[in-house]
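Take a look at the structure set out below.
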Amino acid sequence: MDRTLIQEILEIVEQAAIASATLSGKGLKDEADALAVDAMRKRMNQIQMKGRIVIGEGERDEAPMLYIGEEVGTGTGPGVDFAVDPCEGTNLCAYSQRGSMAVLAASDRGGLFNAPDFYMKKLAAPPAAKGKVDIRKSATENIKILSECLGLAPDELTIVVMDRARHKDLITEIRATGARIQPISDGDVQAAIACGFAGTGTHCLMGIGAAPEGVISAAAMRALGGHFQGQLVYDPAIAQTSEWADMTKEGNLARLAEMGITDPDKVYEASELACGEHVVFAGSGITDGLLFNGVKFETDCTRTSSLIISNLNNTCSFTNTIHMKDGAQSIALN
């Protein structure tokens, strides 16, 4: 992937963010997601590449666009695999809450783990703690290690955890160490990536979230040099979600076996979830969040705030883009 393609990848998430932001705060999460999907696919199909969706909106019979296995792009040029979430945090967008964004990971062919639509136990931490914290250790042990790596007392650490019933015991354990909890209602990708940057006030992400988003987070953290591990969750008793009300542990294990996953308890490192030679992460804010602002609509323009990370040349770019409207008369700098 060259610099031109990386710029075009940035434009993919910008267009998706703008599209879904038109419905931000209107309580229409499915409609906002559909607009983002359409905008993302439209921009992808304008790019000279042989693109393929490996993580998308669902299986081919479940999603009309950006389904798993769908080919995107013009059909000529480099082969690129994509893991996409056109509107991460649909509820956040629908109710104009912080943290919704359009996001994707891209890599050369075969460079992204084809994660099943399961849940995943995740651990994200700053580069200083890479390889020292471990998802197999208790939260108490990891907070002690994190404290030593960052030179901060436990009560100076902030741990992000999704606000779910399944995390009740985890939250109790974290609080017993003295560390602070920052609960989030949806969308853990931005929280995971924030752990890779100093000064965000976010030091660690713990808990269970969606597996596909784990791959996207891993791509970003690999490029940042941060720590990310994931472990698939297949037991409904652990996931504790109504979405799995009709599923069984045995049935989920059988499904994983059908997908070729022979070790369902394997702990995946970031370099295994995003193993490509060249890995790119791109995200654009729909609503304001930890890392960037959301879309701003003005009289003569629309403003987007985005982030793109590439391991090709170890770059991380925060980009504020002004999308001028036809006939624009005056554009303010800020």
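Using the three backbone atoms N, Cα and C, a Cβ is placed for every residue, glycine included.
Site annotation (Swiss-Prot, ligand substrate) includes E88, G89, T90, R164, A165, R166, D186, G187, D188; from Y119, Y234, the additional listed residue is Y119.
Residues D85, E88 are recorded by Swiss-Prot as Mn(2+) 2 binders, and the candidate that the same record lists for that site, out of E173, E213, E243, is E213. G187 (substrate binding site) is surrounded by 29 other CB atoms, counting those within 10 A of its CB over all protein chains shown. Listed binding-site residues near E213 (Mn(2+) 2 binding site): G187 (candidates D33, E57, R164, R166, G187; Cα-Cα distance within 10 Å). Between the C-alpha atoms of D33 (Mn(2+) 1 binding site) and E88 (Mn(2+) 2 binding site), the distance comes to 9 Å. The Cβ of T90 (substrate binding site) has K29, D30, A32, D33, S100, D186 as same-chain neighbours under 8 Å, each 6 or more residues away in sequence. Each residue contributes its Cα atom, and for R166 (substrate binding site) and E88 (Mn(2+) 2 binding site) these two points are 21 Å apart.
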